[in-house]
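K.L.:
Checked TrEMBL, it gives:
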type     : residues : note
DISULFID : 47-53    : disulfide bond
DISULFID : 161-222  : disulfide bond
DISULFID : 168-174  : disulfide bond
DISULFID : 185-200  : disulfide bond
DISULFID : 195-241  : disulfide bond
DISULFID : 224-229  : disulfide bond
DISULFID : 251-323  : disulfide bond
DISULFID : 258-264  : disulfide bond
DISULFID : 275-293  : disulfide bond
DISULFID : 285-347  : disulfide bond
DISULFID : 325-335  : disulfide bond
DOMAIN   : 40-117   : domain 'GDNF/GAS1'
DOMAIN   : 161-241  : domain 'GDNF/GAS1'
DOMAIN   : 251-347  : domain 'GDNF/GAS1'
CARBOHYD : 357      : N-linked glycosylation site
CARBOHYD : 367      : N-linked glycosylation site
SIGNAL   : 1-21     : signal peptide
């Protein structure tokens, strides 16, 4: 009994210390001497009030104009300006999606960070503040609306995407902005131009940025049992105008176009940061945060990189931007990798399925209990007879451990308990 209690204590301490040590428990980017992050508009104001920072910032912007990074850093004055700004609030500043001066904030962010990267990176750091909230309340709503827990026969006959549209119509703001983008995206310009895509994208951005996610997510991620429901889900963003085109561009070319626009670049970077498949978490998502991934996905709608469901399959969830990897040449491997982040992304797929089924919390609890049981078994069956030494298996179901110093504290507590 004492031994069992000791191992429970060990596991609890180990989990607690690991959570404190994990990157997800920290706020902001890699912590440069750790300063409380401020939004980039405010950071720019603070820099402008300090003569040294202000002059160095102006110098850096001049250095970046028309120069690549290597050329810029070869100039001692440019290098000195960059070093000064790395110690200013501008270096750690971030933006909030949908904030009043979002575009200005992002312009300031990229004016600094484009000078810190070597060439074009595959994944870029997100300029947005990390999402720390969870989808618990919205998942509970989704569970009610999707019929989870109700009579399976009744739930199977329900069109949850139609129910989501009806719920939107009962909310004045949702109904108004949805009607607006439907009208704009369906408005034919000429026999050869079926719509004004630029205006359609703008109307979609307003809808997803201004309507609460309890309505937009239900329309975008509703669960389906039949093809009619899945087709309604696919049609949510009016894909004939906002998504499809006569030909599919190369995905890397589309990414390059997206990165010329500060907003599109930022939303794509945010998607990669929050939906990048993680094999060290229970859900496959960074920090097990479904909300961050779904929010980042929705945030890309209304830009050149707009994603959507590729077909009307009610079960197989596959999403993609409107692009392919044809004509990639020697960049085909990179292109395929980029495309798979959408089409074969376990984090994104799990998040969409969990929202539609309203199962995030239940799933995490079940997995957590299973992990505790398996880890406990591993620990109690790997003890050298006659000693208190615990031998960790080289592989297993337990997640990655924290740094050795933290684990040592847990081990010390175990020794004391024994």
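The backbone N, Cα and C atoms fix where each Cβ goes, and this holds for glycine too.
If you look at the structure here, what lies around each of the features I listed?
P.N.:
Of all the Cβ atoms in the protein chains shown, 24 others lie within 10 Å of the Cβ of residue 47 (disulfide bond).
The local packing around residue 222 (disulfide bond), expressed as other Cβ atoms within 10 Å of its Cβ over all shown chains, amounts to 26.
Non-local neighbourhood of residue 168 (disulfide bond): 174, 175, 178, 211, 215, 218, 219, each in the same chain, at least six residues away, with C-beta under 8 Å from its C-beta.
Long-range Cβ contacts of residue 200 (disulfide bond) within its own chain (separation 6+, distance under 8 Å): 181, 184, 185, 238, 241, 242.
Residue 224 (disulfide bond) has a Cβ environment of 23 other Cβ atoms inside 10 Å.
Here the Cβ of residue 251 (disulfide bond) has 26 other Cβ atoms within 10 Å, regardless of which shown protein chain they belong to.
Long-range Cβ contacts of residue 258 (disulfide bond) within its own chain (separation 6+, distance under 8 Å): 264, 265, 268, 303, 304, 305.
Its Cβ taken as reference, residue 347 (disulfide bond) is surrounded by 23 other Cβ atoms within 10 Å in the chains shown.
Counting only same-chain residues at least 6 apart in sequence, those with a Cβ under 8 Å from the Cβ of residue 335 (disulfide bond) are 250, 251, 252, 325, 328.
Over the domain 'GDNF/GAS1' (40-117) the predicted model carries a mean pLDDT of 85.
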K.L.:
Could you count the residues of the domain 'GDNF/GAS1' (40-117) that DSSP puts in helix, in strand and in coil?
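P.N.:
Counting residues by DSSP class gives 55 helix, 2 strand, 21 coil.
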K.L.:
Between the Cα atoms of residue 222 (disulfide bond) and residue 53 (disulfide bond), what distance do you get, rounded to the nearest Å?
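P.N.:
Residue 53 (disulfide bond) has its Cα 49 Å from the Cα of residue 222 (disulfide bond).
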K.L.:
So if I measure Cβ to Cβ from residue 161 (disulfide bond) and keep only same-chain residues at least 6 apart in sequence, which ones fall under 8 Å?
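P.N.:
In sequence order, 219, 222, 224, 229, 230, 232, 233, 236 meet the Cβ cut-off.
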K.L.:
Highest CB neighbour count within 10 A among the disulfide-bonded residues 195, 241, 264, 285, 323?
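P.N.:
Counting Cβ neighbours within 10 Å, the top one is 285.
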